[in-house]
Amino acid sequence: MEEERIGYLIEKCPDTRVIRQIHAHVLTRLLPISAVSFLLSKIVGFCALSRHGDINHARKVFAQTPNPNIFSWNSLIRGYYLVGSQSKVPLFLYKELVKKGYPSANTFTLAFVLKACSNILALDEGKQVHARVFRSGFGSNQFVQTGLVNFYAKCEDIGLAEKVFDEIHERNVIAWSTMISGYAMMGLVNKAFGAFREMQTSNVVPDKVTMVSVISACAMAGALDIGRWIHAYIEKHMIETDIMLSTALVNMYAKCGCIEKAKEIFKGIPVKDHKAWSSMIVGLAVHGLAEEALEAFSRMEESKVTPSHVTFIGVLSACAHGGLVSEGRRYWSSMIELGIEPSIEHYGCMVDLLCRASLVGEACNFVQTMPFYPNPVIWRTLLIGCQKNKMLHKGEVAGEQLLALEPSNPENYILLSNFYASVAQWEKMSHVRKMMKERGMKVVPGCASIEIDGFVHEFVMGDWHHLEAKEIRQALRVIAERVSDAGYEPQVSDVLHNVGSEEKGIYLCEHSERLAIAYGILKTKAPVPIRIVKNLRVCIDCHEVTKIISKIYEREIIVRDRVRFHKFVDGTCSCKDYW
């Protein structure tokens, strides 16, 4: 039968040239309408989903198809989702399908559209799809339910993700992995690990995708003990360690402060792709190991692995953390020569590099060469650079641009307020604070976490709700006395409020990392390192105090702040006071 023969040829088609010939053949043969529709739908599927396909040709064939079936619709929706993960075309196609009313969307349609919604964080559109799921009677379909869990998790509505997950009666490994991945994306390591344990008690065997999700959660939270346990679990149960899982382990150990272990695992990867190389380079960069990061990049080039835009973010970050200005300029030129068009993140790295090196004027000139308007990150970097170098006029310009771009972000007002305080412009500082108050803005407090016995404890500046708050207060007093006896005096320059020095000193003592370090000293003994994760940049005073604590308590203290790692040993820091 000719219809079956042509269908077989489409399935085995080697490239778009041949598929176009088959397409022409179908259109010129006197076949029944039903046969033409069937074959055109097969061509749409090939063009939309095959690696030899062409999504634009798929769209043209789809337009020529009389009464396209749901397979054609699904192929086109999925094809556009795969080609451009940020594309809104899948949503437009779905709306067109719903408007036509025929054919009816099936479970595959809804799952593909939910994936598209999750990629562009289209919460409202996704909720509309969820409503149609119920109206269509697909509310209990596991494929669709898992898609909904993933959608809500990526849109950071973890409550709705949990609600949908709880409604899944028979959870398979995909459903569990999706929920764990959702917790990981939100940095909820305790919940991610709790779900992993519950998954085991439910007799669902985790796979490598599950393990990547749990490891990612550990990486975000800096939960090394849990990460090590997961690594041991992988080895004990002989879960296949492919390049994706190995790269996740490299990333986890690097982000948990164990850069040597990250290097060991990286070395054991037999064939390294650009993601593995990039993870290692970024890991070395945030640890301040600029020379090693650049050496790794050289080895990557020798291995004939093409660097990606992420690789160069790591390379430029390494130059920024190491104060390697001339090297940064050279790698910038190399990136352009390789045909990688600089993104806003690359420009941000260069601005950071120049500002750290006190070349703020050059950074401002560099920003003017950008082909697109600077984002808030770049304006914040410039503002911090101006604060460090006491440059009032340029700082005010950066502050004005920042507030114009993000008028609802309280962090911007705090930065501008601190900038004015640093140059003793108290009246202007008060005006910015007044604006915040009038607009009802709340400051994001400093938060630090420490993992003790497989549980992540969080501390917020000045918050004493911890169950062991009394013991922590006492530990802080003892630490403060010993630090003071070592000759320390509070460096109140980082407390940018118009108050007395004594009050500033008290304010500094309650910074979140101080609470976490005190808890670490309470709960662990040498030589166990104290590992802290902080959501903000470490202030000058806490940096100096932590150096002293590491010496007088003979403890290794590793702090991962918003910018990089600080490894404190015997009164010195790995950043060499350049951060």
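Counting starts with 1 at the first residue shown.
Even glycines carry a Cβ here, placed using N, Cα and C.
Note that TrEMBL annotation is computational and uncurated.
Noted in TrEMBL for the protein shown:
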REPEAT    172-206  repeat 'PPR'
REPEAT    273-307  repeat 'PPR'
REPEAT    308-342  repeat 'PPR'
DOMAIN    487-579  domain 'DYW'
Intrachain residues whose Cβ lies under 8 Å of the repeat 'PPR' (273-307), provided they are six or more past its termini:
243-244, 246-247, 250-251, 253-255, 257, 259, 262-263, 266, 313-315, 317-319, 321-322, 324, 327, 331, 335, 338, 340, 560, 563-565, 567, 574-576, 579
Tally of residues which DSSP labels helix, strand or coil - the domain 'DYW' (487-579):
37 helix, 16 strand, 40 coil
For the repeat 'PPR' (308-342), the number of residues DSSP places in helix, strand and coil:
27 helix, 0 strand, 8 coil
